[in-house]
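Going by TrEMBL, these are the annotated features:
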{"type": "BINDING", "residues": "Gly10, Ala11, Gly12, Lys13, Gly14, Thr15, Arg127, Val137, Phe138, Gly200", "note": "ATP binding site"}
{"type": "REGION", "residues": "30-59", "note": "region 'NMP'"}
{"type": "BINDING", "residues": "Thr31, Arg36, Glu57, Leu58, Val59, Gly85, Phe86, Pro87, Arg88, Gln92, Arg161, Arg172", "note": "AMP binding site"}
{"type": "DOMAIN", "residues": "127-163", "note": "domain 'Adenylate kinase active site lid'"}
Amino acid sequence: MRIVLVGPPGAGKGTQAAFLAKNLSIPHISTGDLFRANISKQTELGKLAKSYMDKGELVPDEVTIAMAKDRMEQPDAEQGFLLDGFPRNVSQAEALDVTLQDESMNLDAVLDLEVPEDEVVKRIAGRRICRNDSAHVFHVTYKKPKQEGVCDACGGELYQRDDDSEETVRKRLEVYHTQTEPIIDYYKAQGLVVTISALGPVEEVTQRAMEALKREDDDK
Ligand code: AP5
């Protein structure tokens, strides 16, 4: 399956993507994680991305689209992928359509995670990420690590993302409403959007998502 995951910052896209990708045996491709990997390796792309991410703004389309395309062309993505954080505006969605059409492929579903803004703010404020692997995500209240500040999966140090400050989160939410939400209408016009509530325990949201994706697949 080829799936796009969409939702506001802190909706739980990364959290759900980890489970969904495993259940569906497809790679989880997160442009945010790819940028953070570049930042920790101090590449030129990482330096450029950081200057935008720290302000809560989108990294320019040209570099983002090239990076996402390169990742989607890796052998593990041949049979499908779960995109998290890409596309993030209508031009990226159009570029993705062109890339898929060139390969005679198409998207199967766009899974839209709905969460009220006050919950999103609580989720982001308590989020802690592992320095070794940004796919290892915890929360000081909702998903406590066994030992404070230490990753359960690999023992790495847990830290708070630079772009999780209150001011930057406010900007990221504004960018989400103005630039990312329009892709939901773009994909509704293609009949691809499945909206679920992302409230409740993580496992319940995963189950809701799997059922919604199955219904969408059966309807085709
Ligand atoms: P990115 O990394 O994509 O961040 P985001 O979209 O803002 O989303 P987050 O990672 O903040 O949240 P999430 O929805 O994954 O939530 P999570 O699962 O962690 O992008 C960062 C930046 O990179 C952008 O601002 C931009 O600058 C740049 N960028 C990335 N892609 C780009 C693109 N395509 N174009 C241009 N620029 C781009 O969950 C949050 C917390 O909640 C966690 O602590 C988790 O444990 C907890 N939680 C999750 N689910 C639940 C639940 N059900 N109940 C309780 N707690 C929960």
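Cβ coordinates are placed from backbone N, Cα and C, and glycine is handled just like the others.
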| request: Using a 10 angstroms cut-off on Cβ to Cβ distances, just flag whichever of Phe86, Phe138 is the loneliest among these binding-site residues. | output: Phe138
| note | One of the binding-site residues Thr31, Glu57, Val59, Arg161 has its Cα closest to the Cα of Gly10 (ATP binding site), namely Arg161
| task | Do me a favour and check the Cα-Cα span between Val59 (AMP binding site) and Gly14 (ATP binding site); whole Å is fine. | result | 19
| task | Look at each of the binding-site residues, Arg88, Arg127, Arg161, and point out the one with the fewest other Cβ atoms around it within 10 Å. | result | Arg161
| note | If we take the Cα of Arg161 (AMP binding site) and draw a 10 Å sphere, the binding-site residues of Gly12, Gly14, Phe138 inside it are none
| query | Can you name the residues of this chain that are 6 or more positions from Gly14 (ATP binding site) yet have a C-beta less than 8 Å from its C-beta? | reply | Ser30, Gly32, Asp33, Asp84, Ser134, Ala135, Val137
| Using a Cβ-Cβ cut-off under 8 angstroms and a sequence gap of six or more, which residues of the chain neighbour Glu57 (AMP binding site)? | Lys171, Val175
| said: Looking at the region 'NMP' (30-59) alone, can you tell me the average pLDDT? | reply: 96
| said: Is it possible to get the count of other C-beta atoms within 10 angstroms of the C-beta of Thr31 (AMP binding site)? | reply: 22
| query | Gly12 (ATP binding site) to Phe86 (AMP binding site): how many Å between their Cα atoms? | reply | 15
| task | Enter the number of other CB atoms within 10 angstroms of the CB of Gly12 (ATP binding site). | result | 24
